[in-house]
Each structure stands twice: as structure tokens, then as C-alpha cells.
Amino acid sequence: MTFRGDTAVVVLAAGAGTRMRSDIPKVLHTLAGRSMLSHSLHAMAKLAPQHLVVVLGHCHERISPLVDELAESLGRTINVTLQDRPLGTGDAVRCGLSALPADYSGIVVVTAGDTPLLDAETLADLIETHSATSSAVTVLTTTLSDPHGYGRILRTQDNAVMAIVEQTDATPSQREIREVNAGVYAFEITALQSALSRLSSDNAQQELYLPDVIAILRRDGQTVSARHIDDSALVAGVNDRVQLAQLGAELNRRIVAAHQMAGVTVIDPATTWIDVDVAIGRDTVIQPGTQLLGHTQIGDRCEIGPDTTLTDVTVGDNASVVRTHGSSSSIGAAAAVGPFTFLRPGTVLGTGGKLGAFVETKNSTIGAGTKVPHLTYVGDADIGDDSNIGAGSVFVNYDGMTKNRATIGSHVRSGAGTRFVAPVNVGDGAYTGAGTVIRDDVPPGALAVSGGPQRNIEDWVQQKRPGTPSAEAARKASAEQSTPPPDADQTP
């Protein structure tokens, strides 16, 4: 989506956000996997404007490096400018204009960094309206059932935009108006610069209000237009954590619906949370209580959930992931994971593999067709194809100072309760006996067993634990075993 080259966007993100009651700058609070500022800049970047400027103030030293990272990921330049003192939105825009070339003469779009649902399509409509009407300014408006806190749109009898009055400066009758300023504008730069130079701080907040530019341009005889949108959530701002949660839920509803329309079955949208950068293939079923976060990628025809959280996890086609918590891992096609499986970063499960109940994996590669069915820890290991790791096995990877790797070949069968003390190698086709502690390499095809013959110490419980329920049970059992059974053929 592109427009004529002479379009610049200024994003206002200098506010302190005191109502958030947070040590985190307001625009860095997240929803659907992105900060509010990131949502805004992603939308602005889709317009491909000639210039993109972010105005920072409060906590600029924390926000500016993140803007630079985002600019790199978006593959475009984003200029940052600083508002030294909080003198109002009018002053913030003036700071933003200072980052533009002196000879810039095109359209300036002004928006805020705390409207995370604002999309590129809405901005495109605003710019098209602005260009079609040859206006000095076009303001985006919407109608709210409860407009408290928003600037009201004042219109003339012929319905032209006359001015914008802030909540704190509005009369009782003006506060009854439900059409509000969405805080998004398209300006001709020369008209904007002229009006900014005449702003006054003679108001309740003693600040330079950007909306006052509307009345100034109107008095100058300039054309002032408005673009009304019915979907007010697109321009809803965030000032506190209640609004953050409300917009987060609304954004999630839209994300889930988009996946449903693309061929994904979501059994219970109310308990399903999907980040904006998640991709899900067709005919996949998402069960209740599932969170798909970060850059998680799900293939076609998968079954995910219930009660599953995946963060930056790749899942191949036809895989099943049930009651699993996983991050920074890869699950192969037709693999089965869960229930109650913990995938820590660096886990790679091959095609058709299985990680079952109460299995934890970390920094390990598990080959195609290999099964780790239950009650096992696999850390810092490389396991070949079509092997089976018995229940209760542990990869002992830490020696108190360093993590060591274990390598298990293909077609290996390990008995229940095997301990692989790394570093160690087990060759292809080898077997291990139940309870074996593997401290040395096992050759291909060998059976590894450890420990001496079992030794039973008779009557130990009665001697060492006399009077206990165990001792009494043992006494009775011994007595029963020592009593000969009656002779069935004996006659009285």
C-alpha cells in the first residue's frame, strides 16, 4: 500500500502515561505480542510514507533503541525526535516537523503511539479524503456512546467542521456531543506550520493543543474536512490498564476471527489467545485454553490444545500438541506432544516423533519416529531416528560446572529408569537394561547393564523397624507362609 511520495507521518509518543501506574513507558505496554508503539509503526510503515517520525519525551532513552530495532526489522528509516518539555500535542507536532527536510511540502499525517488497533486501511482512507477535498486539514472522527475524555467535534449548521473542544474546556452542552476527535489528522504542511505558530496555551491544561489548529485554519478561510469511521475501536486510545485489557481483548477477537475466516477451527474463541505474528494452517483445530504467542507457526491439519501455550514454536503439518507448554522449539510433521509436556528452548522433535506425559526437553534434537513416552528429562541430547527412551529416564547433563551432551543413536531401546551421564555416546541399535546408569560409551548393538546382583537382607524390617505397620505386616505374611496348608484328603 503506497501513496504519492510527498507523504510524511508523525507519531506522537512523548506522553508520560501516568494513569498506567507503571515503570514501563506507556507505549511499550504490549498486546497481541507487540508494544502499542510497534502496532502503530507497523501500520504506518504499510503506507510507505516518504518520512516516518516518532516524537519521544518521557523515558525516551528506553524507547529510542527499540524504535531503531523496529526500523531495522521493517527495513525502513524511522527518525526519532525529542520533545524536551511536555508543552502539549501542538508543541509535540512542531518537534516532529523539525525532523522533516526544510523543503518538504507535502501531506503530514499525525497520529498517536497509543492507538494499537489503527490500521493502514483507515489511514489510507483519511489521506484519500484529504486529497480529494483539497483540504488544509482532514480530521478522523468517530461516534462514542460514552465520549468522556475525548475532544468533541463542533460543526456548523451546514455540518462543516468548525472546531474541536477538549473535555476539560467544553461547556455542558458541548459535552453532550458524541462525535469525537480520534486524534488522527492529515495536514498540508504549510497550513499546519502557520497554525502551529499561532497556538495559545490559554486553556485549562495550559498546553498547546493540536486540535486548536482546526479553529485557526477555519478562521483563515481554509478548507477543514472530516472522515468519520463507524468502527470506533480502530481509534481507541489506551490511558490505563483497564483500557489496555479491553483493547487487547478486542484485538484478540479480531485476530481469532481472521484465522477462522482463513480456515482454522477455533473451538472457544473466548479462551483462545493468538498474537498478531502467529501463522496457522488450514483445517487446524485450536482447542479451548490455548495461547499461541510470538512468532509461532502452525502447519495444516494440526490439533493444538486444550490448555496449551506455545511461544515461538514451529509445528509441522498433521501434528498434535496437547496440554503442553513450549517455547523456541520445533515440532515435526505428524508428531505427537503431550499431555503435560514442557518444551524448553532448543527442542527439535523430528517427523512422527512423540514426547508424552510429563516429559521435559531442552536444547535437544529428537529424531524422526523416536518416542519419549513418559516421565523423562531430555537435556542437551541428540537422539537418532526410531529410538525409544524408557519411562523415568534422565539425561544427566550437568556436572556442577558445565552442561555436557549425550548422543543416542538410531533404533536404540533404553530400559525404564536409565540414567545417561553425559558426556556419553550410545551406538545405533543398542539396548540398556532397566535402571542402568550409563557412564561409558555403549557400542552399537550392545546391551548395557549396571549394578551387581540383587541382595535381600532377611527380617531387616522386623529388626530395624519393630512395632511399625510394615513390621507387623511382614510378621503376619511370614507366619502365613510358614503354616502348612491342610491336607485335603485327610479324614477326621
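Along the chain as shown, residues are numbered 1 onward.
Glycine is treated like the rest: Cβ placed from N, Cα and C.
Pulled from Swiss-Prot, these are the features on record:
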type     : residues                                                                                   : note
BINDING  : 12-15, Lys26, Gln83, 88-89, Gly151, Glu166, Asn181, Asn239, Arg344, Lys362, Tyr377, Asn388 : UDP-N-acetyl-alpha-D-glucosamine binding site
BINDING  : Asp114, Asn239                                                                             : Mg(2+) binding site
BINDING  : Ala391, Asn397, Tyr398, Ala434                                                             : acetyl-CoA binding site
COMPBIAS : 483-492                                                                                    : compositional bias 'Pro residues'
REGION   : 1-241                                                                                      : region 'Pyrophosphorylase'
REGION   : 242-262                                                                                    : region 'Linker'
REGION   : 263-492                                                                                    : region 'N-acetyltransferase'
REGION   : 451-492                                                                                    : region 'Disordered'
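Highest local Cβ density among the binding-site residues Leu12, Ala14, Ala391, Ala434 belongs to Ala14, counted as other Cβ atoms within 10 Å over all protein chains shown.
Note on the region 'Disordered' (451-492): residues 435-437 of its chain, located 6 or more positions outside it, place their CB under 8 angstroms from a CB of the stretch. Nearest Cα neighbour of Asn397 (acetyl-CoA binding site) among the listed binding-site residues (Ala14, Lys26, Asn181): Lys26.
A Cβ distance under 8 Å defines the sequence-distant neighbours of the region 'Linker' (242-262), meaning residues of its chain 6+ beyond its ends; these are 20, 29, 31-32, 116-117, 233, 236, 269, 272-276, 278, 280, 282, 286.
Distance noted between the C-alpha atoms of Arg344 (UDP-N-acetyl-alpha-D-glucosamine binding site) and Asn239 (Mg(2+) binding site) is 36 Å.
Per-class residue totals from DSSP over the region 'Disordered' (451-492), listed helix then strand then coil: 19 helix, 0 strand, 23 coil.
Gly151 (UDP-N-acetyl-alpha-D-glucosamine binding site) has a Cβ environment of 27 other Cβ atoms inside 10 Å. Comparing CA positions across the binding-site residues Asn239, Ala391, Ala434, the one lying closest to Leu12 (UDP-N-acetyl-alpha-D-glucosamine binding site) turns out to be Asn239. Comparing CA positions across the binding-site residues Lys26, Asp114, Asn239, the one lying closest to Ala434 (acetyl-CoA binding site) turns out to be Lys26.
Around Lys26 (UDP-N-acetyl-alpha-D-glucosamine binding site), the same-chain residues at least 6 positions away in sequence with a Cβ under 8 Å from its Cβ are Gly15, Ala16, Gly17, Met20, Met36, Asp114, Val238, Asn239.
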